[in-house]
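K.L.:
Supplied in structure tokens, the structure appears directly below.
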Amino acid sequence: MHSNVYLPETFLEKIKTILPSALNMDDFIAYCQQPLRKSIRVNTLKISVDAFLTIAQEKGWTLHPVPWCETGFWIEADESKVPLGNTAEHMCGLFYIQEASSMMPVSALFLGENQFESVLDTAAAPGSKTTQIAALMNNQGILVANEYAASRVKVLHANIERCGVRNAALSNFDGRVFGGWLPESFDAVLLDAPCSGEGTVRKDEDAMKNWSQESVLEIAATQKDLIESAFQALKPGGVMVYSTCTLSEEENQQVCHHLKHTFGDAVAFESLSSLFDGAEKALTEDGFLHIFPQVYDSEGFFVARIRKLASVNSPDVNKKMGKFPFQKASKKESALIEKSLSDSLDISLPADSTIWLRDNDVWLFPNALEPMLGELRFSRMGIKLAEKHKNGYRWQHQIATTLASGDEKTVVDIDTDAAREWFMGRDIYPENSGKGEVFVRYQGAIIGLGKWVSNKIKNGLPRELVRDKNLF
């Protein structure tokens, strides 16, 4: 029990007025005081669900399916010695520790859809939904992952890197700019909006310490601006999902109704009744999901799916972009780089991407990103392949996480002790020596790229992925 969960009396009085008649306040308070069940999502960019279930069984983990996410599971695991986040499986990117209800917005976005060519995640950090979207896109097309807080972009990038995402472009803007800067550019938009966090008390007992009705209204005003901009950035015929981890109608239903009032018949609410068995328990008359903690034993949450039926006006903006620092590699340069990569690491580049150059750095951008390159300033795009030196190319870690399958000739298998050393950023000393750059593999998963130097493999793990204690 979270006996210290703070629930302001004015908040509880408000909940009484919006709680559906089938639910009661005693259950609401009781569930708010219970810790959340831990949940994870299998990262299918790295492993199939079936293969992961086999690993989980071997490790003695008990998994229960999350009904609204085919790759999501509640997990029971002994973390007394090693936290889940420090297991080899997590550090290899095989799964993401993600609250079950936060898997729902992405499932709602992809409901009945085959594939999206371009997706905007408007408020992306720390990356749980971004990596979920990338997996459903199967690394195809372009995924713009925006985060307003500069301090959180680094964490977002580290999670994208760990999970093997290669079709993302990261930006660092207020989400209100997208309607003007990239109007009608995306097939799908996720707006998981900043909110008052009324649904998060089960993981943070102090979440409501600064709650007030005034702050709810202030946040709702920002959310209305954000949803307008997100809708303007959506292509006609496209779909968006608006979600929050809060319960107040001012931040949920009323924000969606504001969008409908602003853009009229261009806005269509699409029912989420078929998202999963049992969805009707949280369904509103508009087809939204308004989820109280006791309904599915989860966080409080809200999800709405909205279709754009017609083009709408977008604000005029005066762009000052500056010179774009990358240039597309010539056919000759591309062929040289691709041959060198194939010769040294046995890697072929995907057909839907193009090599770009910046000084001596070699990058791989998704082709679907190109129309946006002159329209928005990105902080990071695609993956870094190499740094060019006098004697050739120094290949980069993201090749290992995003392009290597494990079937390459240049793979070295290591044991548990060596894997621990590797994740701590240290060089390793396999029994047999070799030469050149190699992929390092542990228990079937590629964990990095290193280079033989005498009898050791020099560690190429980026600093942001290094862990220094309490490993598997």
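Heads up, the Cβ atoms here are built off N, Cα and C, so glycines get one too.
These came from Swiss-Prot, pasted as-is:
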BINDING   Ala123, Ala124, Ala125, Pro126, Gly127, Ser128, Lys129, Glu147, Asp174, Asp192  S-adenosyl-L-methionine binding site
ACT_SITE  Cys245  active site, nucleophile
K.L.:
Return only the integer: C-alpha distance in Å from Asp174 (S-adenosyl-L-methionine binding site) to Cys245 (active site, nucleophile).
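P.N.:
Here the two Cα atoms are 19 Å apart.
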K.L.:
Between the two most separated Cα atoms in Ala123, Ala124, Ala125, Pro126, Gly127, Ser128, Lys129, Glu147, Asp174, Asp192, the residues recorded as binding S-adenosyl-L-methionine, what distance in Å do you get?
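P.N.:
Those residues reach a largest Cα separation of 20 Å.
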K.L.:
Could you tally the C-beta atoms, other than its own, that fall within 10 angstroms of the C-beta of the residue listed as 'active site, nucleophile'?
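P.N.:
Taking all protein chains shown, the residue listed as 'active site, nucleophile' has 25 Cβ neighbours within 10 Å.
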K.L.:
Would you identify the secondary structure of Ala125 (S-adenosyl-L-methionine binding site) according to DSSP, in three states?
P.N.:
coil
K.L.:
Hey, how far is Ala125 (S-adenosyl-L-methionine binding site) from the residue listed as 'active site, nucleophile', Cα to Cα, in Å?
P.N.:
14
K.L.:
By a simple count of other Cβ atoms within 10 Å, which of Ala123, Gly127, the binding-site residues in the record, is least packed?
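P.N.:
If we count Cβ atoms within 10 Å for the binding-site residues Ala123, Gly127, the smallest count is at Ala123.
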